[in-house]
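Colleague: Handing you this structure, nothing more for now.
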Amino acid sequence: MGNGIGKLSKCLTGGAGRNKKPELSILEPDPLDEGLGHSFCYVRPDPTRVSSSKVHSEEETTTFRTISGASVSANTATPLSTSLYDPYGHIDRAAAFESTTSFSSIPLQPIPRSSGPIVPGSGPLERGFLSGPIERGFMSGPLDGSSGPIDGKTGSDQFQRSFSHGLANLRVGSRKGSLVRVLRRAISKTITRGQNSIVAPIKPVKEPDWVFGSDKTRIHQIENNLTVNSLNFSSEGSLLDDDVSLESQNLQWAQGKAGEDRVHVVVSEEHGWLFVGIYDGFNGPDAPDYLLSHLYPAVHRELKGLLWDDPKTDAKSSDEADVENRDSSSEKKSKNWEESQRRWRCEWDRDLDRLLKDRSNGLDLDPDPNSSDVLKALSQALRKTEEAYLENADMMLDENPELALMGSCVLVMLMKGEDVYLMNVGDSRAVLGQKAESDYWIGKIKQDLERINEETMNDFDGCGDGEGASLVPTLSAFQLTVDHSTNVEEEVNRIRKEHPDDASAVSNERVKGSLKVTRAFGAGFLKQPKWNNALLEMFQIDYKGTSPYINCLPSLYHHRLGSKDQFLILSSDGLYQYFTNEEAVSEVELFITLQPEGDPAQHLVQELLFRAAKKAGMDFHELLEIPQGERRRYHDDVSIVVISLEGRMWKSCV
């Protein structure tokens, strides 16, 4: 599985990197295993390297400097429940990644055992994986050339495009012959496998170019017989339209999967914004796949007139007003659905208005009066996306009742200039690393340092006076999101108050003994009795009344970046199985201090695996040799995005 070689690094680095000749570093001639996870990066382009039509002044660029991302899978690959015939079925990778060429990625590659012993916790520089894409860019220097226009195709065509893009500007020298042979063999293997996108596509699925003959005929037969295409359930009724076309917006994007986690990153250097979505699915892949395909387009539409203006006329405004009624076939459905949705929307809007009012009445008044409108737009986008998902699931309930079990946590971050907008449902987190106030440092941080693993502390003690002082963490952790789980007393009390006649509303620290999170996208069996009744008896809960046990009402937060803000960690909850907020921030700070050219997200994944292995009494490689699915006993799927701010401020165009 995987590409014959790693994706050639295109992350641009500092001046030292530019002075080096481009080199190709091939670490292993064998195909890389993409099933474990991926590390990826995006570095803001140098304006001098961008065409004059796209050059923006420093005041017009995005606030962040770099994006480092990494994901590791613990669960096995699971096909969409709606797939009757799936030409992707032979692809059993639990992890995958694809992007435009402005991103660089490489599969996570454990250091070979033969390279020497790996002692968990031997110090901050201890390594379990080979270099990530950012570090490789520093070692080999940036490749010439800028990314071309976004191609509508994904999968194998894209990976081949990445190879050719890098090779066009590569100068190999005396090693040319042997390297060309390796590359030719790698590309040949990639083409032979006929790999295609195994992540839910941004646009509705097109017929794979590599499906021929009887398979193609069979696909057409199934498509004609299905009410909802089994190959593109996640794209059915897509919110995409001409306004949201990625090709027409000059956007750079990346999307990946790791087990049941999904990650989506969209960058607009032209308009100065960044979108990151992390979707932590459970009970199946359909819900996070649907979010991956639909939530960003919905957010983009809701933000029209707030963060962006349509240069075209509003001739299509009447069509946009009818987006919720886009599926004409649903008109024959019972009016009970429409009535329940109207009641739900009213409750959602009422709760949202109360939430925003409570925020405005708080001690820290929001300096941006527009922020409440932006946050409300994010919430409305999520509501419409879930309504569409549940409506599609309701249409397929007889054939695929398991859709009622599937759900996902949601973490969305939108950055526009100095403004950061957060929306979350579930227990994924956004944690900000800030320069701490002196009083705060003397008190809380010193206490938190005691919880840092003793191996790292021993490494501090082994440093000289000068070095040791520089390694002491100086940043505080500020969580921008709110956890929605049974670990939060307020959430438990809310559910019990809403279900006074049900003593088992929360039992065994789970909602109805089933779900740890108290809010989630999907999971219809905890929201309406009919979805619970559609399940096999062994999966049903004792549903009392008609009120939902969980909801999808998000927590919302606006933060104005300042000079003290250094980096932002966005992650699914798997990270915090082994890290506190303070430990995660301290780990990233320590890493970028010692290895400023490194990949902090990959480092966090690596340290998490070290801790999981140590807790289980095994070494790093032994843990990774445990098959996916069984390895879920030791750690969860984990997706991490670290956005470097470095305390610098750039203003985006408005």
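Placement of Cβ uses the backbone N, Cα and C atoms for every residue, glycine included.
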Colleague: Just to be sure I read the record right: ASP280, ASP636 are listed as binding Mn(2+) 2 in Swiss-Prot. Which of ASP309, ASP573, ASP599 is listed for the same site?
Modeller: ASP573
Colleague: Give the range, chosen from 11-30, 31-50, 211-230, that Swiss-Prot lists as region 'Disordered'.
Modeller: 11-30
Colleague: What does DSSP say about ASP573 (Mn(2+) 2 binding site): helix, strand or coil?
Modeller: helix
Colleague: Look up ASP636 (Mn(2+) 2 binding site) in the DSSP assignment and report helix, strand or coil.
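Modeller: Note: ASP636 (Mn(2+) 2 binding site) is coil by DSSP, not helix or strand.
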Colleague: Compute the average pLDDT of the predicted model within the domain 'PPM-type phosphatase' (243-645).
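Modeller: Here the mean pLDDT over the domain 'PPM-type phosphatase' (243-645) amounts to 84.
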Colleague: As a test of the contact definition, list every same-chain residue at least 6 positions from ASP636 (Mn(2+) 2 binding site) whose Cβ is closer than 8 Å to its Cβ.
Modeller: ALA74, SER572, ASP573, GLY574, GLN577
Colleague: Apart from ASP280, ASP573, ASP636, which residues in this chain have a Cβ no more than 8 Å from the mean position of the Cβ atoms of those residues at the Mn(2+) 2 site?
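Modeller: Apart from ASP280, ASP573, ASP636, the close residues are ASP261, CYS409, ASP427, SER428, SER572, GLY574, LEU575, GLN577, ASP637, VAL638.
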